[in-house]
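Per TrEMBL, active site, proton donor/acceptor is recorded for 263. Summarising the annotation, TrEMBL assigns UDP-alpha-D-glucuronate binding site to 69, 70, 71, 100, 143, 148, 176, 177, 178, 290, 291, 292. Taken from TrEMBL, the feature Mn(2+) binding site covers 178. Here TrEMBL flags 282 as N-linked glycosylation site. Per TrEMBL, the feature region 'Disordered' maps to 297-317. What TrEMBL records for 209 is site 'Interaction with galactose moiety of substrate glycoprotein'.
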C-alpha cells in the first residue's frame, strides 16, 4: 500500500513538472487569437493599423479686410470688445481699426493686443469743421470719412508691398463699431467678385432696407428715404473685392457728399447697378443690424464728482 501511494505521488509530480515545462516554452510565442476576437476588438485593431490617407489640400480662403472707424466715448471699449469677440469666430479676417484721434490711445492699443486677432491699428483725426458738435443730430454730417479713407490708403500701400500673386485676393468691408453682425454674413461676402450686397436691419426708420432682386439681378432698393439715390444702401450693406479697390486707387469716400450719398460717392466709380452681386438668399435674409448703444446717463456720477466722490479714473471702462 505504501509503495502504491509513493508511485502515485511520483507520477503526479512528473506530470505537473512536464506541464510547467510546456507552459514555460510557450512564453514569448506568438499566439493565434483570432478565434477569440470580438467584432469590436477587430474594428479597433483595423483603425490602429490603417495608414492615414492624404487629404486634398483646401484652397486658401480669401482674407476679409474689415475697416472700422472708432472714436473715444464711454461705450467705446464695450462696443469694441463685443465686435472683436465676434471677429474671433471668423477665419482669415484682418481688422483695420482706425481711431478718430491725433494719436493711438492706450485703451484701443491694449484691447487690440489682447484680442488674438490679426489687426492693423491706425489713427486719423476728423477735421474740426467736419466734426459733429454736442447736440447735433447724427445725420447732420457724415462720420468716419477720414478714418475709412485712411484704412483704404493703408490697405493699398500694404498690398503693393506684399510679394506674390495672392496679394490681390480678398474682400473689403466697412464695419461700424456699433452694429451687430451674424457670422454667416462674413461667409456670404467672402466670394465677392466685384461688389456684393444684402439687407440691413433696423435702419433708415424701417425694419430693414434691402436690394430687390429679380432674375438674380438687383433692380431697385426697398428703402423709405430717397430711393432715387445712385446707391440707396447703408454702409453695412455691401462689400467690395480687394482687386477692385486696388484697381481703382482714386476710389474713396467724399466728405463733402450731400446727406445720404456717402456710400454712393464711393461705389459710383466702381460698379453699376446691374453688376451688383446679391447675397443672403437673394437679399431676403437680414444678417447685419444697424444697432446703436444708448448713450449712458451720468447724472449721479457727475453729482458724486462735484462732491469729490466720483469713480476712480484709473479704472478703465
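The chain as shown is numbered from 1 upward.
Just so you know, glycine gets a Cβ as well, placed from its N, Cα and C.
Set side by side, the recorded positions 176, 178, 209, 263 differ in how many other CB atoms lie within 10 angstroms of their CB, and the most is found at 209.
In this structure the alpha carbons, written CA, of residue 176 (UDP-alpha-D-glucuronate binding site) and residue 263 (active site, proton donor/acceptor) are 13 Å apart. If you compare Cα positions, residue 263 (active site, proton donor/acceptor) sits closest to 143 out of the recorded positions 69, 143, 209, 291.
Counting other Cβ atoms within 10 Å of each Cβ, the lowest count among the recorded positions 69, 71, 143, 282, 291 belongs to 291. Comparing residue 69 (UDP-alpha-D-glucuronate binding site) with residue 209 (site 'Interaction with galactose moiety of substrate glycoprotein'), their Cα atoms are 22 Å apart once rounded.
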